[in-house]
Amino acid sequence: MSPSAPNTNELNSPVLETQPLAGDAALLHSSIAAGYEEIIRAPFDYLLNLPGKDVRSKMISAFNEWLCIPADKLEVIKRIVMLLHNASLLIDDIQDSSKLRRGLPVSHHIFGVPQTINAANYAYFLAQQELPKLGDPKAFEIYTEELLSLHRGQGMDIYWREASKCPTEEEYFSMVSHKTGGLFRLAIRLMQLASDKNWFVFHTRDFVPLVNVLGVIFQIRDDYLNLQSHAYTVNKGFGEDLTEGKYSFPIIHSIRSDPTNIQLSSILKQRTTDVDVKLFAVECIKATGSFEHCKEKIAELVAEARQLIKEMGNSVPGSAEAVDRVLDLIGLEPESS
């Protein structure tokens, strides 16, 4: 018989048939797996215990001033967003070859890449497991739509970096809307779904446009701080976006402001860790007025967000002050942060 030919006796053998676990056997296997829960979650829990600003949780609490969600459902939504946000950070750090997260070594440098990827994927499904608690099957639809959106945005960002292709600002805004805006939208859409004011929200006002603007402000500010903030240097390392080869907002503006100067584009391709080279790149970005452009764009978007908040405050019962405070948290003049 040929070595590649199937053994019919083996194919028909009942020993090879997969049988469902039942009774004590099922309980035993479940108990064994449960004993590994802490190990499986270790990369995730390590990241979770690092200090952070918890902007997304504060945003959820702020919007609840308008939406009045029952406390149990509000905690479910916060947990879903927390799980997804931290899972995405685990994957981001691997894809970006990051070394620091919040001032300490990234998870995959401690637990290894395979275990960290598994922990991140595990967290995605822990989040999905929470959805039935919201009591509406549409929650699954929202969850799927926004996770697909998040991965589309991440794919665009990775493609530009790996292909050394500088996007336009319009393409950048589209990417941010998908990637950064995805979790913001997921939170608010689930909140609208669970709100005691559901009838009012769906028939008169939609909070998603405001959340989209907040997401863009958050990302541009983050891009600015990556290259200009001392605190960011302590937490993530100096000019990490340059080492990563990332087309961030100030870098895109700088390259497109002077297409004949290939110095900045060339530095991005090098994935440099040399501080002197990165300092030179920062000077190139300054020379094209790109940091000022960032601040102007942030100010423009903050004004747009405040107008949307004002309109919401005039038409939706509840206080707008909490949302204003979240805007202050993510939209202050970058140099003061």
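Here the Cβ of each residue, glycine as well, is placed from N, Cα and C on the backbone.
The following features are taken from Swiss-Prot:
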BINDING   Lys53, Arg56, His85, Arg102  isopentenyl diphosphate binding site
BINDING   Asp92, Asp96  Mg(2+) 1 binding site
BINDING   Asp92, Asp96  Mg(2+) 2 binding site
BINDING   Arg101, Lys179, Thr180, Gln219, Asn226, Lys236, Lys246  dimethylallyl diphosphate binding site
BINDING   Asp222  Mg(2+) 3 binding site
SITE      Tyr124  site 'Important for determining product chain length'
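Shown on the structure are the features that Swiss-Prot records.
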residue	record	CB count, 10 Å
His85	isopentenyl diphosphate binding site	21
Asp92	Mg(2+) 1 binding site	16
Asp96	Mg(2+) 1 binding site	18
Arg101	dimethylallyl diphosphate binding site	22
Lys179	dimethylallyl diphosphate binding site	22
Thr180	dimethylallyl diphosphate binding site	23
Gln219	dimethylallyl diphosphate binding site	22
Asp222	Mg(2+) 3 binding site	19
Lys236	dimethylallyl diphosphate binding site	22
Lys246	dimethylallyl diphosphate binding site	18
- request: Would you kindly give the Cα-Cα distance separating His85 (isopentenyl diphosphate binding site) and Tyr124 (site 'Important for determining product chain length'), rounded to the nearest Å?
  value: 9
Query: Looking at the binding-site residues Lys53, Arg56, Arg102, which one has the fewest other Cβ atoms within 10 Å of its own Cβ?
result: Lys53
Query: If you measure Asp92 (Mg(2+) 1 binding site) to Gln219 (dimethylallyl diphosphate binding site) at Cα, how many Å is it?
result: 14
Statement: If you measure between the CA atoms of Lys53 (isopentenyl diphosphate binding site) and Asp222 (Mg(2+) 3 binding site) and round to the nearest Å, you get 13
Query: What number of additional C-beta atoms lies within 10 angstroms of the C-beta atom of Asn226 (dimethylallyl diphosphate binding site)?
result: 23
Statement: Cα nearest Lys236 (dimethylallyl diphosphate binding site) among binding-site residues (His85, Asp96, Arg102, Asp222) -> Arg102
Query: In the same chain, which residues outside the set Lys53, Arg56, His85, Arg102 have their CB within 8 A of the centroid of the CB atoms that define the isopentenyl diphosphate site?
result: Gly52, Asp54, Val55, Asn86, Leu89
Field: CB contacts for Tyr124 (site 'Important for determining product chain length') [other CB atoms within 10 A, all chains]
entry: 16
- request: Taking only the Cα atoms, work out how far Thr180 (dimethylallyl diphosphate binding site) lies from Arg56 (isopentenyl diphosphate binding site), in Å, as a whole number.
  value: 11
Message: For Arg101 (dimethylallyl diphosphate binding site), which of the three DSSP-derived states applies: helix, strand, or coil?
response: strand
Asp96 (Mg(2+) 1 binding site) in three-state DSSP notation: coil
- prompt: Relative to the Cα of Gln219 (dimethylallyl diphosphate binding site), which of the binding-site residues Arg56, Asp96, Arg102 has the closest Cα?
  reply: Arg56
Field: Rounded Cα separation (Å) that holds between Asn226 (dimethylallyl diphosphate binding site) and His85 (isopentenyl diphosphate binding site)
entry: 19
Message: Using a 10 Å cut-off between Cα atoms, which of these binding-site residues sit near Asp96 (Mg(2+) 1 binding site): Arg56, His85, Asp222, Lys246?
response: Lys246
